[in-house]
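Enquirer: Before I ask anything, let me first share the structure, which is written out below as structure tokens.
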Amino acid sequence: MAAENSSSVREFILSGLTDQQELQIPLFFLFLGFYMVTVVGNLGLIILIGLNSHLHIPMYFLLFNLSFIDFSFSAAIIPKMLMSFVSKNIISYAGCMTQLFFFCFFVFSESFILAYDRYVAICNPLVYTLSMSPQVCLLLLSGVYGMGVLGAVAHTGNILFLTFCADNVINHYMCDILPLLELSCNGSYVNVLVVVIVVTIGIGVPIVAIFISYGFILSSILHISSTAGRSKAFGTCSSHIIAVSLFFGSGAFMYLKPPSVLSLDQGKVSSLFYTIVVPMFNPLIYSLRNKDVKFALKRTLGRISFS
């Protein structure tokens, strides 16, 4: 931790989402509610998939991991965010770097697991089970989490080489890359370039796969003769498209825009979509319209009521 030794800052203060006192308590309860929905939704899916053997297939194996990522992602960000609404939110240098690492790890992991699952499920639906054998699933997840580690190491390593002087107030509700770059004494265009390159890979590669996926499905939908059939198909995909668009769109807008376009205060609002909104909605999107999950939920509740 040579970077820490060269820095005069041993702790940071997270300024939070807003400095307007009248909004602190309402926002605390609002985001506490979001967090509870996220935890119950994702943890519920994890338990349902674990307890029901008919869900032990590749598609739900990936959904299990997506829920695990969303649950862990939220746990790394929201509890510390909630503290900033009710008290002075102090985080140590080591704690800040740890939060940054896990934030980057889960964001990259989610990007790639969303992209690959959508690509295979949509472009090759008839051979989905064959394509996603247990061996392929394990290989896929190794790649997903491997990319998560690489992205986290690249971003965290980039920040560790920076020096922080007198100012230790991070203009954010979490230890994020851009606010830390702005706060540093010796940040340069090289550090910014590293961020742009790593984010472009983390967003660009998955989003290309997703665009290809939905290009295929759009082509298929347009070939459906009945209006009712087309409407049903669009309805099935629309919620997935919205979630994916919010996740990748807000991330690209936050990290790939020119600094003059979006201030850090506006960036905090933009970051809410991929840190809080998407992890909360993913379990709802993947379960409310899913007959297998609904059946598993009814069967599990039935077991509990008769036990």
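Counting starts with 1 at the first residue shown.
In case you wondered, yes, glycine gets a Cβ from its N, Cα and C as well.
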Enquirer: Which stretch, out of 5-23, 271-289, is listed as transmembrane segment by TrEMBL?
Expert: 271-289
Enquirer: Need one number: mean pLDDT over the domain 'G-protein coupled receptors family 1 profile' (41-286).
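Expert: Per the prediction, mean pLDDT sits at 84 for the domain 'G-protein coupled receptors family 1 profile' (41-286).
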Enquirer: For the transmembrane segment (90-115), give me same-chain residues lying six or more residues beyond its boundaries with a C-beta closer than 8 angstroms to one of its C-beta atoms, as numbers and ranges.
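Expert: Tertiary neighbours of the transmembrane segment (90-115) are 1, 4, 7, 9-14, 62, 65-66, 69-70, 72-73, 76-77, 80, 140-141, 143-145, 147-156, 159-160, 164, 170, 174-177, 180, 202-203, 205-207, 209-210, 244, 247-248, 251, 274-275.
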Enquirer: Restricting to CB pairs under 8 Å, which listed stretch, 60-78, 136-154, 189-222, 271-289, is in contact most with the transmembrane segment (25-48)?
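Expert: So the stretch in question is 60-78.
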Enquirer: Can you tell me which parts of the same chain pack against the transmembrane segment (271-289), counting only residues 6+ beyond its ends and a CB-CB cutoff under 8 A?
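Expert: Contacts of the transmembrane segment (271-289) (Cβ under 8 Å, skipping residues fewer than 6 from its ends): 17, 31, 34-35, 37-38, 41-42, 44-45, 63, 66-67, 70-71, 73-74, 77-78, 103, 107, 172, 174, 176, 236, 239-240, 243, 246-247, 249-251, 254, 297.
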